[in-house]
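Participant: The structure under discussion is supplied below as structure tokens; questions concerning it will follow.
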Amino acid sequence: MSEKAILSCRNLGKSYEEGPESVEVLANLQLELHPGERVAIVGKSGSGKSTLLNLLGGLDTPTKGGVWLDGEELSALSEKKRGLLRNRALGFVYQFHHLLPEFTALENVCMPLLIGKTAIPEARQRATALLERVGLGHRLEHKPAELSGGERQRVAIARALVNNPGLVMLDEPTGNLDSHTAEGIQDLMLELSTSMRTAFLVVTHDMNLARQMDRVLQLQEGCLTPI
């Protein structure tokens, strides 16, 4: 693709010191994602998928190589600038929704906008529109404990997308759901990725979900290979 990548990493490596030993988790890893592209990463437990996501999201620093998000090298930014870039250009969805329990669905979705200094009326308007889009217009004032598992994950997806980021990273987004609910969440993610032209990077054990992506990569022995 000639279009500028929304996310890229070059020669990415990560190792940890365990006593006198250095344990290499990732080695010379290469990856590019372009606007609107959907990529799945699969691999056994302990293969380094969570480590990779933390590096790609700027939550950890590599031992070697670098990560570029929306043209900015993450390790070259201050912690404050990294946080602002993440809030603007990146959304996260986890297996467990990580919604704030004391806030309503609407308030949870407003959070990234308010962090980015969006005025409260505009934040509420945009969050309401997105919650309606994911089928939760009737649940705006409900707190997470009052929502089903599938509804909570829809709120989490709306929160990840409310700033219209170029990329959303999803870590086992259907792993905590029954098969019927998981299928509905899959369909929603694919529709939103297409209509909003948002790149999705999905880490999953669910090969049915992985096959819905444009590419599937396996993380094994610290490297990514197409499958």
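The backbone N, Cα and C atoms fix where each Cβ goes, glycine too.
Grabbed the feature section from Swiss-Prot, which reads as follows:
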type: DOMAIN; residues: 7-227; note: domain 'ABC transporter'
type: BINDING; residues: Gly43, Lys44, Ser45, Gly46, Ser47, Gly48, Lys49, Ser50; note: ATP binding site
Participant: Give the residue from the binding-site residues Lys44, Lys49 that has the most other Cβ atoms within 10 Å of its Cβ, counting over every protein chain displayed.
Facilitator: Lys49
Participant: Please compare the binding-site residues Ser47, Ser50 by how many other CB atoms fall within 10 Å of each one's CB, and tell me which has the fewest.
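Facilitator: Comparing Cβ neighbour counts within 10 Å for the binding-site residues Ser47, Ser50 gives Ser50.
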Participant: Please identify, from the binding-site residues Gly46, Gly48, the residue with the sparsest Cβ neighbourhood, meaning fewest other Cβ atoms within 10 angstroms.
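Facilitator: The binding-site residues Gly46, Gly48 were compared, and Gly46 has the fewest Cβ atoms within 10 Å.
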Participant: Report the mean pLDDT of the predicted model across the domain 'ABC transporter' (7-227), rounded to a whole number.
Facilitator: 88
Participant: Inside 8 A of the center formed by the CB atoms of Gly43, Lys44, Ser45, Gly46, Ser47, Gly48, Lys49, Ser50, which other residues of the chain have their CB, for the recorded ATP site?
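Facilitator: Surrounding the site, in chain order, are Leu219.
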Participant: What residue among the binding-site residues Gly43, Ser45 has the most other CB atoms lying within 10 A of its CB?
Facilitator: Gly43
